[in-house]
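Report on one structure; see the data block that follows.
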Amino acid sequence: MREVISIHVGQGGIQVGNACWELFCLEHGIQPDGQMPSDKTIGGGDDAFNTFFSETGAGKHVPRAVFLDLEPTVIDEVRTGTYRQLFHPEQLISGKEDAANNFARGHYTIGKEIVDLCLDRIRKLADNCTGLQGFLVFNSVGGGTGSGLGSLLLERLSVDYGKKSKLGFTIYPSPQVSTAVVEPYNSILSTHSLLEHTDVAVMLDNEAIYDICRRNLDIERPTYTNLNRLIAQVISSLTASLRFDGALNVDITEFQTNLVPYPRIHFMLSSYAPIISAEKAYHEQLSVAEITNSAFEPANMMAKCDPRHGKYMACSMMYRGDVVPKDVNASIATIKTKRTIQFVDWCPTGFKVGINYQPSTVVPGGDLAKVMRAVCMISNSTAIAEVFSRLDHKFDLMYAKRAFVHWYVGEGMEEGEFSEAREDLAALEKDYEEVGIETAEGEGEEEGY
């Protein structure tokens, strides 16, 4: 089996995690107590869903997941929520005092007390796997726990499981909406380690997803639950081929191979289509061509940046439901003829396609319509550099005055780490710029890169 372990760090990661496991359980027909009426074989079994769930002798299905937070309130909601019986109590790890939006507390002072316990629990899950494929790490980098403890954990995972892939689903601060004053500091310090210790990072941004909820689902005031359910659909589509059987299945490592041209350039943009409310879906056809086009709409991107300002390096389309390769090829051919969607000249093919026959499931009482076919696109575009340059600019404004820096230094960080992380991001922006430059005829070969 090719198992995957999910790690949810901090409030953002845990709440996205709740939405994901709720959806996975619905997709596989697993009840909130872990029983699965449709699964007749007790014990192991070679079913595809065993990549995400392990099965006990009593026939109970337990998610291969760990939830970590430095303070108890959010995890207590999981402990008392609908799915409290789904998780093993040891999978829910919470500390006593939180990171207070401070990267240094999450990474140095408070995080380091809890990180060994986390790694122990992860080791137990890993020992329970026959062929561990990699980790999915969910966190947000605006706060203290997600950024600090999240990056500490990734660093330690690199040491313990060097060869395993790590995919990050990371919530980045939004351009307009802010939840903490020190977001730019936390996210830049955290990205500094994401650069080195994740293989693929999918960037999500609340503001972009708010706008999608308002525009496509007509929700006037979207809540985090609305956002998280949308993110869960994306993650479900990405992992569908690990959990169900399909025509063109995609492994975690395949993402990496197809999406990452250079190790540092691994920050992905995602979109999902059709995001449509039940009232509208009734009147629309939503052919493969239509959903493919809307996946490329700048307005449907889950991070605030405009792909028209950049070039695509690679792009992975995960279709699910009633989709045949012929339609996919036709609609991708149409996309390639469009002038608005530009690929870099050194990557002529650029498309990776996965097809899974299991249609997407929706949460009962949720906002999304049940549709016959859906697509999730993960693309590597130079436009994502906009997200970094925005953050860098905010970081510079604060750091020029050394505002709030004493909180970090007081927790044992050195000021040099700020400038080191900032320089690393400046280099990253430069990398993105260089990747998008046209290669002149004949000189591209000699330059060796």
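Including glycine, each Cβ sits where the backbone N, Cα and C put it.
Taken from Swiss-Prot, the feature active site applies to Glu254. The GTP binding site feature in Swiss-Prot is assigned to Gln11, Glu71, Ser140, Gly144, Thr145, Thr179, Asn206, Asn228; the stated evidence is similarity to another entry. Marked as Mg(2+) binding site by Swiss-Prot on the basis of similarity to another entry: Glu71. The N6-acetyllysine annotation in Swiss-Prot covers Lys40. Annotated site 'Involved in polymerization' per Swiss-Prot: Tyr449, in sequence order.
Taking the binding-site residues Gln11, Ser140, Thr145, Thr179, Asn228 in turn, the residue surrounded by the fewest other Cβ atoms inside 10 Å of its Cβ turns out to be Thr179. Under the DSSP three-state reduction, Glu71 (GTP binding site) is assigned to coil, being neither helix nor strand.
Counting only same-chain residues six or more apart in sequence, the Cβ atoms lying under 8 angstroms from the Cβ of Glu71 (GTP binding site) belong to Ser94, Gly95, Lys96, Glu97, Asp98, Thr145. Take the CB of the residue listed as 'active site' and look out to 10 A: across all protein chains shown you find 15 other CB atoms.
Long-range C-beta contacts of Gly144 (GTP binding site), restricted to its own chain and to partners at least six residues apart, with a cutoff below 8 Å, comprise Gly10, Leu70, Asp98, Ala99, Ala100, Asn101, Asn102, Phe103, Arg105, Gly106, Asn186. Note: the Cα of Thr179 (GTP binding site) and the Cα of Glu254 (active site) are spaced 35 Å from each other. In three-state terms derived from DSSP, Thr179 (GTP binding site) belongs to neither a helical nor a strand segment and is classed as coil. All protein chains included, Asn206 (GTP binding site) registers 24 other Cβ atoms within 10 Å of its own Cβ. Reported as a whole number, the C-alpha separation between Asn228 (GTP binding site) and Glu254 (active site) equals 25 Å.
Looking at Gln11 (GTP binding site) and Glu254 (active site), their Cα atoms lie 30 Å from each other. It is 25 Å from the Cα atom of Ser140 (GTP binding site) to that of the residue listed as 'active site'.
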